[in-house]
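**Student:** After the structure tokens below, expect a handful of questions from me.
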Amino acid sequence: MSLRRRLPVPTPFVAPTPPTPTPRRPPPPSHDRLILLILTILSLLTRLYRLHYPRAVVFDELHFASFIAHHLRHLFAFDIHPWLGKLTLALFARLASFPTDVLDFPIATPYPTRAYLLPRLAAALFGAACIPLMYLIAREIGMHVPAATLAASFQLFDMLLLTESRLILIDSQLMCYTQLTLLCALRLWRFSHQPNDTRCVKTYFRYLLLTAVFAAAAVSVKWTAAVTPFLITVVCLFGLVFPRMPTPLSHCALAGSVALVCYVLPWWIHLRISTGSSPTATRMSDRFRTTLSGNDSLPYDPQNGVTFREKFVEMHVRQFLANRNVKTRHRWESKWYEWPLNMRGIYYYVEKADGYTDERPIVSVIYLLQNPAGAIWVFGAVALFLILLPSTLRYRNELPNKANTRRIASVGSFLFAGYVLNLLPYMLVARCSFLYHYLPALMYGQLLAALLVDGLHSRMRVVMSLIIIASLVAAFAFWSPWVYAWPIDEKGIARRQWMPRWN
């Protein structure tokens, strides 16, 4: 019997069946765009409503209307603040053919034309931009939607920012540029964590430059805005809170150079268009004044060799000294420690309304005041954080939800520092100060209050946010006659004077 070797029968190749991919859980739906749209609409409505009223000079409008007239007539003007804010108002006024036949605008004097509306519109647009920016900042910090909405609502229903945004003033520009600076810095730090691919590097440097530009713009409106750029610089140099490591010195130098150029530019424009002399030019040196035409006491000599750098330095010195030497007291001034408690407001405007009689005196009033409910919540949050921070840092490893506790402590410390540092200049100087100087510090306090609410459990976070927003809306509705100058009688005014110095 012959044995035959059996060969194995080849098995046909069958491609392996690829594993069924696990369905990826879709990201939670984001309502950011819808909320931003709603906030933007509400901010525009609250700031543009009755923007035309009063058709008269209101409080500090007398200064800024005068600056506008000086700029449009190319006359030299002197002030204790930088020039970007006033140049922006002058640009809008030029578009409206603002009257330049007079340089002085006494309080309560009617404007000769409706050209005052466009500078007020400029302030209103900057003020309206602050509310969606506040929401974006809160989201960038890491807050959930309810807490971020609460942060934006603090500003939306705050009568202090609202009133400043409806008049020919520059504080809305100050707040808008400050918030843009903070937002761009937060995004800069976020992209510093990303891989070094080309797209992320471009985005990183874009936000680096934008942070520098907006920081320079904020300081170019008021020097007191330097607190936020200072905080950002400290965080970048030492790698605190937000970035994982310090920002390279070369990047800091680049940002500083860009900021310096952007800061100098408004001064160059101001000196470029200020070719004529005015009474305020007497604050400058004789050599400076000879470069201004129309000077009766000194010969006009535009070729006297005074360089832009010399003018730039002299104006800084003169403005700094003028700021320091402000000794005049003011009827409506207030101390820094009165601001958190909303103890003192400012009577901006009062006028007899239609139907006024001796038996029933009805007046239209604009009274500068914080939202009383917002002031209570913010002051309580700042005080609570200050009380709990030492214990939280000491027992942070023993507390539940360590990651959330550390986030609240670190980010809250940054916001608390911003709050205190914005008050510090007014603690150290003796010159008179006003409630609107509290605006930058208040922004940090509002973010801190929203951050503490964000640290609550999800359901409690929503409930607490709704309760606070409801209180803000109720207070806003009650005190809104003091914002929009709705006619109100003496009894209505008395019902709203909850504090002794709201007189």
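Yeah, the Cβs are placed from backbone N, Cα and C, and that goes for glycine too.
Heads up, TrEMBL stuff is auto-annotated, nobody curated it.
The compositional bias 'Pro residues' annotation in TrEMBL covers 9-29. According to TrEMBL, the feature domain 'ArnT-like N-terminal' maps to 38-272. The domain 'Protein O-mannosyl-transferase C-terminal four TM' annotation in TrEMBL covers 308-502. What TrEMBL records for 1-29 is region 'Disordered'. The transmembrane segment annotation in TrEMBL covers 117-138, 168-189, 201-219, 225-242, 249-269, 374-395, 407-428, 434-453, 462-482.
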**Student:** Pairs of Cβ atoms less than 8 Å apart decide it: which stretch in 225-242, 249-269, 374-395, 407-428, 434-453 has the most with the transmembrane segment (201-219)?
**Tutor:** 249-269
**Student:** Who are the chain neighbours of the transmembrane segment (249-269) in space, where the CB to CB distance is under 8 Å and they lie at least 6 residues beyond its ends?
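**Tutor:** Hits for the transmembrane segment (249-269): 82-84, 87, 208-209, 211-213, 215-217, 219-220, 229, 233, 236-237, 308, 312, 315.
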**Student:** Let me know the model's mean pLDDT on the domain 'Protein O-mannosyl-transferase C-terminal four TM' (308-502).
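**Tutor:** Mean per-residue confidence for the domain 'Protein O-mannosyl-transferase C-terminal four TM' (308-502): 92 out of 100.
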**Student:** Tell me, please, if the transmembrane segment (225-242) and the transmembrane segment (117-138) are in contact, taking contact as 3+ Cβ pairs under 8 Å between residues separated by 6 or more positions?
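**Tutor:** Answer no, regions not in contact.
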